[in-house]
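Scroll down for the structure; my scribbles are underneath it.
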Amino acid sequence: MLDTKPSATRRIPLVIATVAVGGLAGFAALYGLGLSRAPTGDPACRAAVATAQKIAPLAHGEVAALTMASAPLKLPDLAFEDADGKPKKLSDFRGKTLLVNLWATWCVPCRKEMPALDELQGKLSGPNFEVVAINIDTRDPEKPKTFLKEANLTRLGYFNDQKAKVFQDLKAIGRALGMPTSVLVDPQGCEIATIAGPAEWASEDALKLIRAATGKAAAAL
């Protein structure tokens, strides 16, 4: 009679392959590899995809982890508050290219990233660009303000969402897999690129890419 049971030696490669696949999945979840893409696109955001394609050659070095938009995607009109507790929405910034960043004081990579975001805001903010860093601490509302003050990060505007709904809203469309999360948004509120994890936003790599996204260097591409 033929032995139909797989031998131990034949099962070993299968086990190894299963472990390898599981390990890869965990790595992707931790570092945001393979951000889920929108199955259908918003026609109003086609220009943002064209911008993403145009600046894609600049996504290297310190910003190599950026995932460029491959389908038109309008971001939710994220709701949060400013430093005075007044309500703000993402749509309040229409007309500007934005780097929307979600951060928290309990997130070590977030805290390390904040000085670079502050420097980026100082170098490029203006009529065409702004960093919108939204804190999602849910307990002590003074803690993030104290952190920014003690770190002498004075150029960033202060925005917060104590319910952390902005994170859930981005997670619902596959754009928030961990912290920090940053989305480069065009003047119409459409995704250009997304990164899960920190980046050196004050680096020359980042500055060149963002200048290109705002149109200042598009002609050079």
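Glycine too: its Cβ is placed from the backbone N, Cα and C atoms.
Model, not experiment: these values are computed from the prediction.
Under the heading topological domain 'Cytoplasmic', Swiss-Prot lists 1-11. Each residue in the topological domain 'Cytoplasmic' (1-11) has a pLDDT score, and their mean in this model is 45.
What Swiss-Prot records for 12-35 is transmembrane segment.
According to Swiss-Prot, the feature topological domain 'Periplasmic' maps to 36-221.
Among the features that Swiss-Prot reports, disulfide bond is placed at Cys45-Cys190 (among others). A simple way to gauge crowding: the CB of Cys45 (disulfide bond) has 23 other CB atoms within 10 angstroms, across all the protein chains here.
What Swiss-Prot lists as domain 'Thioredoxin' is 69-215, and the listing cites sequence analysis.
Here Swiss-Prot flags Cys107-Cys110 (among others) as disulfide bond. Cys107 (disulfide bond) counts 17 other C-beta atoms within 10 Å of its own C-beta, drawing on all protein chains shown.
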Whole-Å Cα distance, Cys110 (disulfide bond) to Cys190 (disulfide bond), is 24
Per DSSP (three-state), Cys45 (disulfide bond) is helix
Rounded to a whole number of Å, the separation of the Cα atoms of Cys107 (disulfide bond) and Cys45 (disulfide bond) comes to 32
